[in-house]
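Enquirer: Can you read through this structure? Questions will come right after.
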Amino acid sequence: MGSCLQKPKSEEDIQSRRIDKKLELVQKESDDHVNLLLLGAGESGKSTIFKQMKLLHLNGFDESEKKDFKQHIHSNAIESIQVLIKGMKTLNFEFTNERNIELSEKINDIKYSQELTQEIAQSIKSIWEDQSIRQTFQVSNQFQLIDSAEYFLSQIETISQPNYIPTIDDILNVRVRTTGISETEFDYEDIHFKMTDVGGQRSERKKWIHCFSDITAVFFIGAISEYDQTLFEETDTKRMTETLMLFDEICNSRWFRDSSIILFLNKIDIFEKKIKHIDLNVCFEDYDGGCDYETARNYIKEKFLELNQQTDRLIYPYFTCATDSENISSIFKAVKDTIFQSDLQDLGLL
């Protein structure tokens with residue numbers, strides 16, 4: 001007669017079942033509570049990451065939303081050429097083409113919000129192609145010039161067309177200053193995410209306190225290409241210095257003691273070009289690695305990581321280009337796995 005008694009479960013079976021239940025719990029908690037907070041200084045690329053999430057996980061931008069970016073793109077182009085004209089005068093350069101003297105006076109009277117007509121665009125094109133303006137652009141780190149200046153000025157005729165509709169690349173490159181708090185929610189691999197973006201300028205940071213509840217992970221965005229640039233609010237302070245101070249404050253804050261810290265060392269594409277002719281020692285006097293790309297970027301990474309005062313906390317660094325959808329897509333997948341592993345560590349399973 002066969003026995004109806006079940007074979008006693010081994011300790012391994014019991015542990016396996018326990019792990020399975022905890023994994024289910026982790027998954028359930030992730031489904032309900034994956035709250036991501038984007039933090040970083042102004043112009044670090046936070047809002048571009050925010051736009052990438054919409055592109056990658058929320059079917060992108062419809063026709064109406066694309067058109068909404070048109071005025072911002074026009075403003076970026078007008079602002080950029082005005083900054084370059086002012087910078088050229090500061091450097092005591094003179095226009096190579098005398099006709100541009102009169103054109104520049106007209107351009108300086110234009111408001112950012114003014115419509116970018118084809119006539120204005122032709123004036124901007126003429127000024128942008130002037131040799132003295134190009135020389136000014138080569139030292140634009142001395143001025144508050146947006147990163148996308150060359151991108152939009154180089155296609156000024158296209159973006160001024162009456163039937164122009166911004167492309168995805170245009171939308172990713174346009175600079176729109178974040179004020180207040182923006183939120184978006186999306187699903188990725190059966191997990192529900194809520195992402196919050198807050199203004200990065202000093203005047204906006206006091207509003208961050210409202211975002212500190214139940215944060216699963218902090219995405220800190222730092223633009224490593226800005227090592228030779230100064231702050232918009234305080235022109236005597238290097239942007240990199242400010243970014244490191246801000247990361248120190250966030251990384252060691254009691255508000256984020258239980259949150260994963262994901263470090264995006266952003267604008268790596270701009271950094272790779274810049275490091276070839278501007279040494280990192282303009283910001284870090286002790287740096288002696290020359291203009292080697294790998295050496296320089298790893299030096300900056302270590303500068304961030306060494307600020308972590310919590311010995312039991314890991315910082316997860318990634319080199320990113322926020323305007324590159326493929327780069328951000330692959331990194332976000334890795335970040336999702338990192339957050340999941342962090343939950344397992346908290347449960348004592350790793």
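Glycine too: its Cβ is placed from the backbone N, Cα and C atoms.
TrEMBL lists these features:
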- 43-48, 147-148, 172-178, 197-201, 266-269, ALA322: GTP binding site (BINDING)
- SER47, THR178: Mg(2+) binding site (BINDING)
Enquirer: At the Cα level, what's the spacing in Å between VAL198 (GTP binding site) and THR178 (Mg(2+) binding site), rounded?
Expert: 7
Enquirer: Looking only at LEU172, VAL198, ALA322, which of these binding-site residues has the biggest number of Cβ atoms within 10 Å around its Cβ?
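Expert: Ranked by Cβ atoms within 10 Å, first place goes to ALA322.
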Enquirer: For SER47 (GTP binding site) and THR178 (Mg(2+) binding site), what Cα-Cα distance in Å is obtained after rounding to a whole number?
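Expert: About 7 Å separate the Cα atoms of these two residues.
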Enquirer: Cβ atoms within 10 Å, counted per site: which of SER47, THR178, ASN266 has the most, among these binding-site residues?
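Expert: When each Cβ's neighbours within 10 Å are tallied, ASN266 tops the list.
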Enquirer: Go through GLU43, VAL176, the listed binding-site residues, and name the one with the sparsest Cβ surroundings, counting other Cβ atoms within 10 Å.
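Expert: Looking at the binding-site residues GLU43, VAL176, the Cβ with the fewest others within 10 Å is that of VAL176.
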Enquirer: Is VAL198 (GTP binding site) helix, strand or coil when read with DSSP?
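Expert: In the DSSP reduction, VAL198 (GTP binding site) maps to strand.
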Enquirer: Distance check, please: Cα of LEU172 (GTP binding site) against Cα of THR178 (Mg(2+) binding site), rounded to an integer number of angstrom.
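Expert: If we compare the Cα positions of LEU172 (GTP binding site) and THR178 (Mg(2+) binding site), the gap is 14 Å.
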